[in-house]
Amino acid sequence: CTVIFTRLATRDLHKPISILFCNLAVSDLFTSFSGFWISMLFITNPDITIFGSRDMLAPYALYTTSILSTIYNLVSIGIERYLAVAESIRTRFRVARNHSIAVVFINWVLAFFLGCLPLMGWNCLHAERNISVLYSPFCVNYLIFIAIPNVVVAFIVPLFTYLRIIIILRKRKLRMKACGQATGTYKSAEIQVARTSISIWLLALVSYAPFFAGVIFDATNQRCHTDLYPGVYIFRNCTAMLITINCLGNPILYTLRLRTLGAKLKALRCLSANRVRACTI
């Protein structure tokens with residue numbers, strides 16, 4: 001919410017990357033809200049979160065939609081950063097505000113369509129054969145259909161984009177160095193991008209790899225719910241907590257940078273002090 005209000009209150013929202021940042025915060029907010037909804041259902045009636053019920057379809061669908069939207073936004077941010085860096089080298093294409101709005105719309109449409117497939121009939125309320133043990137009444141084949149391609153996209157596309165950004169910055173630095181010009185700006189940008197990309201990778205790995213492992217276990221498991229209680233469901237709850245941690249880590253990595261925030265607060269303080277001094281004079 002802090003990220004959303006900050007972006008709406010400042011003039012940076014006209015930038016394409018700011019629109020993607022704000023939309024990422026909206027996706028994280030939906031993930032936290034749907035996770036809270038599932039937690040309340042567990043508190044009021046724990047059996048339906050273990051054995052499955054029609055009441056779990058809507059919160060699980062919203063949870064899946066928000067996670068997919070977060071993944072698509074992270075991929076979109078990586079692609080936008082790559083196009084911004086590679087603009088003056090290979091392509092004349094420039095990302096505009098309308099492009100970011102269109103990407104946000106497409107991301108949400110795709111996330112809602114894939115996330116709401118169980119509400120449209122792809123569920124196992126009346127089919128015990130293919131039912132998921134961890135996320136009843138979802139079907140195992142639906143979880144595999146959702147998890148495998150999106151996890152691949154979430155890891156491969158950011159890897160390509162951020163590695164390409166680092167390579168482009170390094171080439172520019174070497175070209176500037178060969179011409180005898182200063183390369184401090186490109187060196188610092190390369191270090192910053194490398195640190196950010198490594199942080200993104202570690203956060204995504206820690207957050208989504210256990211969920212992916214749970215889906216694989218769900219697909220290969222043949223035992224019933226009572227045989228796996230309570231250890232497997234504790235693991236499922238831990239994966240949900242890790243996804244929530246990812247929602248908390250995204251604003252820190254992408255928007256709430258402490259040094260930039262401190263510099264802005266210092267500038268505002270100096271500006272207010274100068275105004276007071278001017279009024280006194």
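Just so it is clear, glycine is given a Cβ too, placed from its N, Cα and C backbone atoms.
Keep in mind that TrEMBL annotations are predicted by a computer and have not been checked by a curator.
Predicted, not measured: the structure shown is a model, and the values here were computed from it.
Per TrEMBL, the feature domain 'G-protein coupled receptors family 1 profile' maps to 1-254.
Tertiary proximity for the transmembrane segment (17-40) is limited to same-chain residues at least six positions away from its ends with a CB under 8 Å from its CB atoms, namely 1, 3-4, 7-8, 49, 56, 59-60, 62-63, 65-67, 69-70, 73-74, 76-77, 80-81, 84, 97, 100-101, 103-104, 107, 240, 243-244, 246-248, 250-251, 254-255. Feature annotation from TrEMBL assigns transmembrane segment to 17-40 (among others).
Outside the transmembrane segment (60-79) by six or more residues, the chain places 17, 20-21, 23-24, 27-28, 30-31, 33-35, 37-38, 103-104, 107-108, 110-112, 114-116, 118-119, 135, 138, 146, 150, 153-154, 157-158, 161-162, 200, 204, 243, 246-247, 250, 254 with a CB less than 8 A from a CB of the stretch. Summarising the annotation, TrEMBL assigns transmembrane segment to 60-79 (among others).
According to TrEMBL, the feature transmembrane segment maps to 100-122 (among others). Using a Cβ-Cβ cut-off under 8 Å and counting only residues 6 or more beyond its ends in the same chain, the transmembrane segment (100-122) has close neighbours at 16-17, 19-20, 23, 57-58, 60-62, 64-69, 72-73, 76, 80, 137-139, 142, 146.
Residues or ranges marked as transmembrane segment by TrEMBL: 142-167 (among others).
Taken from TrEMBL, the feature transmembrane segment applies to 198-217 (among others).
Residues annotated as transmembrane segment in TrEMBL: 233-256 (among others).
For the domain 'G-protein coupled receptors family 1 profile' (1-254), the model gives a mean pLDDT of 79.
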